[in-house]
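J.: Below is one structure. I have some questions about it.
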Amino acid sequence: MSIIMAPMEGVFDYHFRELLTQIGGFDLCVTEFIRVSNTIFPAKVFKRYCPELSTGGRTTSGVPVIVQLMGGNPELLADNAAKVASLGALGIDLNFGCPAKLVNRRDAGSSLLQYPERIQEIVAAVRASVPEQIPVTAKIRLGYQDKSLAIENAHAVQQGGAASIVVHARTKKEGYRPPAHWDWIARIRKALTIPVVANGDIWSLEDYKKCKEVSGCQDVMLGRGAMAYPELALEISKYNQGEAFTARSWSEIQDLILHYFQIVEAAFDPRYVHGRIKQWIKHLGRTYPESHELFLQIREERDVVKIKERVTNFLL
Ligand SMILES: Cc1cc2nc3c(=O)[nH]c(=O)nc-3n(C[C@H](O)[C@H](O)[C@H](O)COP(=O)(O)O)c2cc1C
């Protein structure tokens, strides 16, 4: 019953992985996608996306991190996979779900869901390029414009030799619009022999239970839900272990935001600090009414000192 942190470009970077894995509940993380288009990247690029390569491929709290690659060229993906494997990556994940127009126009991400044979070719090439003990996995959506190739694409991933598959239960066309079609994950699970990981719209323990029931999956991947509710993975894992869980109070969440402030200030150019902080406070507003109110107060503010003051002194 694994709980996997979703790859989230511009959100779940090294710092967020550190923060969330320290809170607990996650069994595995996937890096943001690394777009492979025309070169074999030097080690420093892989280490920028995955600093954990320097610490045995694990976060400080010991959670393994696998590296996600995205592209349409099997040979180039295979060469990059071999390179990052040689740097100590604990696994390679392949992105067949990105809906971005620019990415899709350049023959990568979800546009490949129109061509199951190419998906199989890519997975097989990457599988063949890395040592046997390093798992190769893939993440798909239910399709590009519609769901007609959902099962075929999942089969292609399995035939290519993937160890498991994550299914984000929406087509590219559906974007991030609810609902996620967990029943389609069940169809895919029944058609495959490799483990299927359910993904999409798990925001609470109740959603988790429902998603498991509908999809029949043991393993789930959490994205925006973990951003909006940083203890979501912990609550789910405690539930699975039959242990009691007490949610943090708002003042503890305030401390967490201030802790994140410190991390972001140390890591980013000052110009980007307010954006990162506001992004998270906005998402937290989905779970904590205080954070929603706080966001309304700081949304126009760009002065980091003033934002920090607001966070510190905020009382609803
Ligand atoms: C801001 C953002 C960035 C994302 N970046 C990636 C990415 O780099 N690779 C990937 O496979 N999926 C990416 N996704 C998709 C998520 O991993 C996940 O499949 C999707 O958000 C649905 O899960 P959720 O409802 O738990 O968020 C991204 C989603 C968002 C909202």
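Glycine is no exception: its Cβ is also placed from the backbone N, Cα and C atoms.
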J.: With GLN68, LYS139, GLY223, ARG224 listed by TrEMBL as binding FMN, identify the candidate in HIS168, HIS259 belonging to that site.
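T.: Within the candidate list, TrEMBL flags HIS168.
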J.: Give me the count of other Cβ atoms within 10 A of the Cβ belonging to GLN68 (FMN binding site).
T.: 24
J.: How long is the line from the C-alpha of LYS139 (FMN binding site) to the C-alpha of CYS98 (active site, proton donor), rounded to the nearest angstrom?
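T.: Pair distance, Cα basis, whole Å: 9 Å.
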J.: Going by DSSP, is ARG224 (FMN binding site) part of a helix, a strand, or coil?
T.: helix
J.: May I ask for the distance between HIS168 (FMN binding site) and CYS98 (active site, proton donor), taken between their Cα atoms and rounded to an integer number of Å?
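T.: With distance taken Cα to Cα, CYS98 (active site, proton donor) is 10 Å from HIS168 (FMN binding site).
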J.: Express in Å, rounded to the nearest integer, the largest CA to CA distance found among the FMN-binding residues GLN68, LYS139, HIS168, GLY223, ARG224 named in the record.
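T.: Overall maximum Cα spacing for these binding residues reaches 18 Å.
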J.: Based on Cβ atoms within 10 Å, give me the single least packed residue among the binding-site residues LYS139, GLY223.
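T.: Minimum Cβ neighbour count within 10 Å, taken over the binding-site residues LYS139, GLY223, occurs at GLY223.
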J.: Specify the count of other C-beta atoms within 10 Å of the C-beta of ARG224 (FMN binding site).
T.: 17
